[in-house]
Every structure is written in structure tokens, then in C-alpha cells.
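Report on one structure; see the data block that follows.
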Amino acid sequence: MAEFPSKVSTRTSSPAQGAGASVSALRPDLGLVRSRLGALMLLQLVLGLLVWALIADTPYHLYPAYGWVMFVAVFLWLVTIVFFILYLFQLHMKLYMVPWPLVLMIFNISATVLYVTAFIACSAAVDLTSLRGTRPYNQRAAASFFASLVMIAYGVSAFFSYQAWRGVGSNAATSQMAGGHA
């Protein structure tokens, strides 16, 4: 039977030390902003903000079509912020069990389809809900224009995320070096 050692060295740490180490590991990947993925996400955020801000400044609650536009614009704007933060702080690499290229592709395709419906609803309701030349008319027309632009941005993102999911134009070595975004 082996004897128990007379000296046992132990190391203790406080919870504050452990928390500091995990916070310092969250460093933003500024290369994301220069990538196609990051640039398109920023474009979607800016254009989406314009869509819902322009509609929110009108009496949209009186018309169901604008309620739908607001729902689509605000919901997708918030989800895009979540994805942007996930990719900016490289949290998608820590959550490796999630198939991020597939998730991003499904999100972008869904966002494109939702923005198609929001754009159609918004642009079809402009003449019906406002007098031509008034401030609400101009805001709703501008929101329709920006909704079409953000719809195109999500469509382009869907195309690139499909390529990333299929692995078109890259191999394992280049995708590892790019950090998951091209």
C-alpha cells in the first residue's frame, strides 16, 4: 500500500481571477469589418435602422402593413446585431458544435424572403396611407427604397453564405486562416 505524501501542494484562485481571464479573451476581430461578411452585416444594420426609423416616425400603428414592416425590420435588425457580435468577438468559434455557415445561410435566406414581403407591403401601402408630398408620404417612400436595398443586401449575403456553406472557392486551409469569414 502506497503511503500518503507528507506534503501536498495546492493552488487556489479566487472567482475574480477566473472572471478576468475570460473577459480578456473577448477581443474583437477587427478583420471582420474588412471582410465581405462584416461589411454586409454593417450595411444591413445601417439600412435596416433607416427602414424602421423612417416608419417609426410616422403613425404606422394605424395601418397593419406598416406593423408588418416594423416587425420585420426591427426583428431582423436585432438578430443581425446578435450575429455581428458573435462574429466580431469570435464567439462562433467557441460554439463549434453549431454549424454556423448553415445557420447563417438559413438566416440570410429567411431575412431576404421576409424583406421581400416587407418591401412589397411598404411600397404598396405608401399611396394608400399618405397624401403625396406630405412628410409621412416621403418617409414611407424612403423606407420602401431602403427596404429594397436591405433586401438586396440580405440576398447578396445569402449568396455568399451559400458559397461558404458549400465550400466554393476555398479549401480547409484557407477557411481556417480566414477565421471563418472571407
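Note that Cβ sites are derived from N, Cα and C of the backbone, with glycine treated the same way.
What TrEMBL says about this one:
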- 7-16: compositional bias 'Polar residues' (COMPBIAS)
- 32-166: domain 'MARVEL' (DOMAIN)
- 1-21: region 'Disordered' (REGION)
- 37-55: transmembrane segment (TRANSMEM)
- 67-89: transmembrane segment (TRANSMEM)
- 101-121: transmembrane segment (TRANSMEM)
- 141-162: transmembrane segment (TRANSMEM)
So what pLDDT does the domain 'MARVEL' (32-166) average out to?
95
Could you put numbers on the helix, strand and coil content of the domain 'MARVEL' (32-166), residue by residue per DSSP?
118 helix, 0 strand, 17 coil
